[in-house]
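Novice: Sharing a structure with you now.
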């Protein structure tokens, strides 16, 4: 006797592929259209296009470590993406609250891995600022990773399956 199979959430990898494609398309535009390290205002006083490069991780962590960090970040991104893909294969398709953040993180992580393989660094181009305070430059892959991490955090806070039961 076989048990009924339920569709898993691997279909959400289509979102990951879309994020990778959009991320790489925007970075191709940046590399052919924006000058290096010169702000191009989008919204004065808040947002610039600003082509820059990051050999490190978030907030340029380990960016001056000498090159070995590229392989560390590639291994981490591929390992985490592999784990999240495995989790998607075990997640029922209807559980979009789990599948969506996993797909976002996978797409963003692989988008930045492609940069590291192609260029030896990640291409950043979105710069937000207020007055003299500048947030570190980032890209669409970074945005997907952050949105996915926030989604996982919110899910863990508000998921009714894991909340204490009241008598």
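Here the Cβ of each residue, glycine as well, is placed from N, Cα and C on the backbone.
So Swiss-Prot lists the following for this protein:
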ACT_SITE  124  active site
ACT_SITE  142  active site
TRANSMEM  10-30  transmembrane segment
TRANSMEM  68-88  transmembrane segment
TRANSMEM  98-118  transmembrane segment
TRANSMEM  138-158  transmembrane segment
Novice: Within its own chain, what residues at least 6 apart in sequence put their Cβ under 8 Å from the Cβ of residue 124 (active site), listed in sequence order?
Specialist: 50, 51, 52, 53, 54, 136, 137, 138, 139, 142
Novice: With the transmembrane segment (98-118) as the reference, which stretch in 10-30, 68-88, 138-158 has the largest tally of C-beta pairs below 8 Å?
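Specialist: Answer, by Cβ pair count: 138-158.
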Novice: For residue 124 (active site), name the DSSP secondary structure in the helix/strand/coil scheme.
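Specialist: DSSP assigns residue 124 (active site) to strand.
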Novice: Which number gives the other C-beta atoms within 10 angstroms of the C-beta of residue 142 (active site), all protein chains shown included?
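Specialist: Summing over all protein chains shown, residue 142 (active site) has 21 other Cβ atoms within 10 Å.
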